Every structure is written in structure tokens, then in C-alpha cells.
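Asks: Just dropping this structure here.
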Amino acid sequence: MHDFNSTAFTNPSTFFLMGIPGLEDLHIWISIPFCSMYIVALMGNILILFIIKTETVLHEPMFYFLFMLAITDLILSTSTLPKMLGIFWFSYHEISFHACLTQMFFIHAFSGVESGLLVAMALDRYVAICNPLRHSSILTNSVVAQVGLVALLRGLVLMTPHPFLVRRWPYCQSNVVPHTYCEHMAVVKLACADISINSLYSLAVIILIVGTDVTCIFLSYVQILQTVFNLPSNDARLKTLSTCGSHVCVILTFYIPALFSFLTHRFSKHMPCHTHILLANMYLLVPPMLNPIIYGVRTRQIRECVLQLFMTKIS
């Protein structure tokens, strides 16, 4: 039997993911909503990808960005849920050191990518509402691809130092990670070294990404609201604002769980560990599950295409 708490090592071959400390007896029950959310996320995002790819009426900038968002959500949820369910169902707690670093990189990098895509979608709404006559000439296919590439590269570049910083530290006390996945700070806290550089870099990246993106989104919607309130009728205002409803809902489902997870992790020292971990899981599970539902329900073009697809299959 392995003694995971007292093994002495410098570079561990494996880490031991505990799951949710304090709620081990409830793992099987917790797995039910988690698995359900993952299935909904998979089915919803795959359906969004299929609909946008096959329906030429959806080949517009807004839906191209939604296509990228669906891919990002699939990567985020698939980076964590299969391993998490392995812990809950089969007590498969071990994860290799390099697999842990890979999981860490994908989680943090594509969280940054998703934030960037939300800015891109805000840009699309801004151009569509504030400069509608030039929307197609400004957001051409090549521009959309370049914006998506910038969002991808920014997330990858800013998060690349994380696994390298984690790899350089000696781990001479424990390889037990009190988490359901390889969250950056949960892993580096096991190092028997000064990890202040990790903490500072992580905080700086979060402030840079979230601060920049939230500011850009806020400024976009200030301009949008100014344009909307200058419209002559209430019907025109409501119709224009309704085109932003889906995007606003997606922004809230992404940033609110992330904000709660970050604040409780950094500043709430007396909150139980399992609460931190559950909030961290909600941050990775809720947006991928809700995003396709929000766009499927609130966006007329997608709703009509989905209904047409199912009606064709039935007939």
C-alpha cells in the first residue's frame, strides 16, 4: 500500500487527486449531477458545432465566434470531467506528473481563451449595433479568424509558464492534491520551496486577462447602450437590445462563478476546503453546460435550425 503522505521525492512520478476532501462518502452522489452536466455540455456544444457548420445562414461573425466558444467549452469540460468521474466512480486517484501539468495547462489556457472570445463577441455586437452598415466589411472572415487566433495565442502564451514553474520545484513532503483536478495553486502548495513567484505570476495573469477583458466588454456595452437609447422608438430599442441578451447571459455565467471561485480561494481562509473545490468545479462545468442552452433558446436563427433538423429527422 502506498504511503502518499510521507513519500520523499524531488520530482514525483504521480500525484494523488483526493477528489473533494470531507465529502468522500458522497462522491458517488456528487458524480450524478456532474456527469449530467457533462453530458449536456457535450451534446449541446456538439449540436451547436454541427448546426453552425452545416447551415449556411449561420455563416456570420457572431456564429463563427460561437463556434470557437463551443470548441473551447468542449476542451475545458473534457480536460477535467473524465478524470473527475474516474475518481468518483472507480477511486482512480492517481495521475502522472506530466499528465497533471498538461491538464493544468489546458484548464488555465482555455479559460483565458474563453474570456478572449467573450471580448470578440462583444466587439461583434458593438459593430453590428453601432456601425451596422459596415458590419460585413469590418468583420470579414479573415478578421474573424485573426481575432480568434489572437484569443487563442494570448491564452496559450500567458499560461505556458505555469507548468514550467510547477516543474522546477522540489516536492519533498506530499504528492496528495486536495482537489478534483490539477489546479495550479493546489499543486504548487505541495512544493517545499518559496512559491511566491507562482502566486505573483498567477495573480498578475488573472488581473491582466480579466481586467482587460471586462474593461473592453464594459466599454463596448457603454457604446451600445448610447446607440440604443438614441433610437426613435421603444420597439426598436428592445429589438436591438434583445440581440445582446444571449451574450450578456454567457458573460454572467462565465465571470460570476470565476469571481466567486477566485475570491473565496484568495481571501476566505475560514471557508471549508470542499466549498472551495465545489465552486472551482462549478466554474469549469456551468459555462460549458449553459452556453449552448442560452444560445439555443435565445437566438432565433439557431432555434429555427435546431427545430428544422429534428423535424426532418422525425419525418
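Including glycine, each Cβ sits where the backbone N, Cα and C put it.
Checked TrEMBL, it gives:
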DOMAIN    44-295  domain 'G-protein coupled receptors family 1 profile'
TRANSMEM  26-52  transmembrane segment
TRANSMEM  64-92  transmembrane segment
TRANSMEM  104-126  transmembrane segment
TRANSMEM  138-159  transmembrane segment
TRANSMEM  200-222  transmembrane segment
TRANSMEM  243-263  transmembrane segment
TRANSMEM  275-294  transmembrane segment
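Locate each feature and note its surroundings.
Replies: With a cut-off of 8 Å between Cβ atoms, the residues of this chain six or more beyond the transmembrane segment (138-159) that come close are 61, 64-65, 68, 105, 108-113, 115-117, 119-120, 123-124, 127, 131, 205, 208-209.
Beyond the transmembrane segment (243-263), the same-chain residues lying 6 or more positions past its ends with a Cβ under 8 Å from any Cβ of the stretch are 69, 111, 114-115, 118, 121-122, 125, 128-129, 206, 210, 214, 217, 221, 224, 276, 279-280, 282-283, 286-287, 290-291, 294-295, 298-299.
If you look at the transmembrane segment (275-294), the same-chain residues 6 or more away from its ends with a CB under 8 A from one of its CBs are 20-21, 34, 37-38, 40-41, 44-45, 47-48, 69-70, 73-74, 76-77, 80-81, 84, 107, 111, 114, 178-181, 183, 246, 249-250, 253-254, 257-258, 260-261, 264-265, 268.
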